Amino acid sequence: MIRKAFVMQVNPDAHEEYQRRHNPIWPELEAVLKDHGAHHYAIYLDKERHLLFATVEIESEARWEAVASTEVCQRWWKYMREVMPSNPDNSPLSAELKEVFYLA
């Protein structure tokens, strides 16, 4: 498995709405993530800085990257753009983080 971590932002007035929209996520989005080899996906909120820290284990970079082109992911991004800063294609602004320590 490949471990990934990334950081995103949530609008200051949208913390509760962001969480509501993820509990639960759409069943079809969950299915796409699993079908594309995502496991142990978690998102954490830093309320003071309005940051989202996400971790996920993936089976392959290619399969993970393919999620973005699915119809359900495109709909999800459009749905979420109201609560978080987004790119012109509606994908959330995000930065991948480099792993500097891991304890198995």
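Placed from the backbone N, Cα and C atoms, the Cβ positions cover glycine too.
Listed in Swiss-Prot for this protein:
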BINDING   TYR18, TYR41, TRP76, TRP77  substrate binding site
ACT_SITE  HIS22  active site, proton donor
Self-check item: Under 8 Å by Cβ from TRP76 (substrate binding site), same chain, sequence gap 6 or more
Solution: ILE25, TRP26, LEU29
Quiz prompt | Cβ-based neighbourhood (8 Å from the centroid) of the substrate site, residues TYR18, TYR41, TRP76, TRP77 excluded | solution = ARG21, HIS22, ILE25, LEU29, MET80, PRO92
Quiz prompt | Whole-number Å value for how far TRP77 (substrate binding site) lies from HIS22 (active site, proton donor) (Cα to Cα) | solution = 12
Quiz item: If you count Cβ atoms within 10 Å of each one, which of the binding-site residues TYR18, TYR41, TRP77 comes out on top?
Solution: TYR18
